[in-house]
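What Swiss-Prot says about this protein:
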TRANSMEM  33-53  transmembrane segment
TRANSMEM  77-98  transmembrane segment
BINDING   H83, H182  heme b b562 binding site
BINDING   H97, H196  heme b b566 binding site
TRANSMEM  113-133  transmembrane segment
TRANSMEM  178-198  transmembrane segment
BINDING   H201  ubiquinone binding site
TRANSMEM  226-246  transmembrane segment
TRANSMEM  288-308  transmembrane segment
TRANSMEM  320-340  transmembrane segment
TRANSMEM  347-367  transmembrane segment
Amino acid sequence: MTNLRKTHPIMKIINHSFIDLPAPSNISAWWNFGSLLGICLTMQILTGLFLAMHYTADTATAFSSVAHICRDVNYGWLIRNLHANGASMFFMCLFLHIGRGIYYGSYLYKETWNIGVILLLTVMATAFVGYVLPWGQMSFWGATVITNLLSAIPYIGTTLVEWIWGGFSVDKATLTRFFAFHFILPFIITALVLVHLLFLHETGSNNPSGINPDSDKIPFHPYYTIKDALGLMLMLLTLLLLTLFSPDMLSDPDNFSPAKPTQHPPHIKPEWYFLFAYAILRSIPNKLGGVLALLASILILLAMPLLHTSNQRSMMFRPISQTLFWILTANLLILTWIGGQPVEQPYTIIGQVASISYFLLIIVLMPMAGFFENFMLKPKW
């Protein structure tokens, strides 16, 4: 008799996706982050659901409802801190997953990559609207500053901002709709994840060498299920250490004060995972220019397949491209640091240099390195 997992209409799909899936035999720990992101998403949806049971999306009670969750709800403090720090783990895994894709040339699976970029934008939007919900000082002013950026759009900007606000300032209507968006977006993300996996399973996984692995495949289970389980345990350990020992390490102290529309906080800054983009936004003195640079800093990922000039897919055997990749990583860390600093010298000039070099590395230097490596590998006799 044929195994049920191979014949049952639903189990057959699960079997082909997670059990009998042919996977390259040489994929490293850098391929763990996809499954970790799936677990992060599940965890965020579950903790978020329990938080939504006790949260009230009203300017008068939002802040105190979060305090009530932490003080009076059974394990409410744990659920809230897991949700807040879970977002940080989510972005940590996202950035490493994207970095892996760039290093090993996974972006050449264009459909999978493009859905991935859309996923990144959707997750960023979800995190932004979620940060507004506790209705602390940084929530309120962050919402005001970021939504105000849309006013840079010619002709329709101001109307668009007021339409998003639901009035003439960030108020009750804004909070209510942001809660609605924050609730629905994770389910849209889940649907996009399924499309992402659908396209990935059309081609199969890439591998560190970048060479077609069809001649040497192994089943996903038990080899990669056990490997993913190890990655999961390490991630959960990190998350629990963060949540139980220093839950507020990545939070802004200003957000522990209720929103005061009349009192401006000394420095407006987003969560750490948005700081690199915020630094690029601030490095351009012109408002519209800053908004366009902010968009370009993420959307440039869509151009990665077009900017690939090397004859080899992966950077595994390309030392010049490797060097540029790690310079780009360091550059992003500098931008993250600058995003959290006040707008004054020397931070302003460092941010401007880092912003220019970010685009220069991706658009000019990395494609040039690809051409140069191709030339160096040509026989000269």
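Just so you know, glycine gets a Cβ as well, placed from its N, Cα and C.
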Other CB atoms within 10 A, centred on H97 (heme b b566 binding site): 20
Outside the transmembrane segment (226-246), six or more residues from its ends: residues with CB under 8 Å to it: 29, 32-33, 35-36, 39-40, 78, 81-82, 85-86, 88-89, 93
Separation of alpha carbons, the residue listed as 'ubiquinone binding site' and H97 (heme b b566 binding site) (Å): 17
Intrachain residues whose Cβ lies under 8 Å of the transmembrane segment (33-53), provided they are six or more past its termini: 69, 79-80, 82-83, 86-87, 89-90, 93-94, 96-97, 100, 182-183, 186-187, 189-190, 193, 228, 231-232, 235
Least Cβ-crowded entry, counting other Cβ within 10 Å, from the binding-site residues listed as H83, H182, H196, H201: H201
Integer Cα-Cα distance in angstrom, H83 (heme b b562 binding site) to H196 (heme b b566 binding site): 24
Rounded Cα separation (Å) that holds between H201 (ubiquinone binding site) and H182 (heme b b562 binding site): 29
Reduced DSSP assignment, H182 (heme b b562 binding site): helix
Long-range environment of the transmembrane segment (113-133) - Cβ separation under 8 angstroms, sequence gap at least 6: 55, 57, 62, 66, 87, 90-91, 94, 98, 101, 106-107, 139-140, 142-143, 146, 174-175, 178-179, 181-182, 185-186, 188-189, 192-193, 195-196, 199, 270-271, 273-274, 298-299, 301-302, 304-305
Length of the line joining the Cα atoms of H182 (heme b b562 binding site) and H196 (heme b b566 binding site), in Å: 21
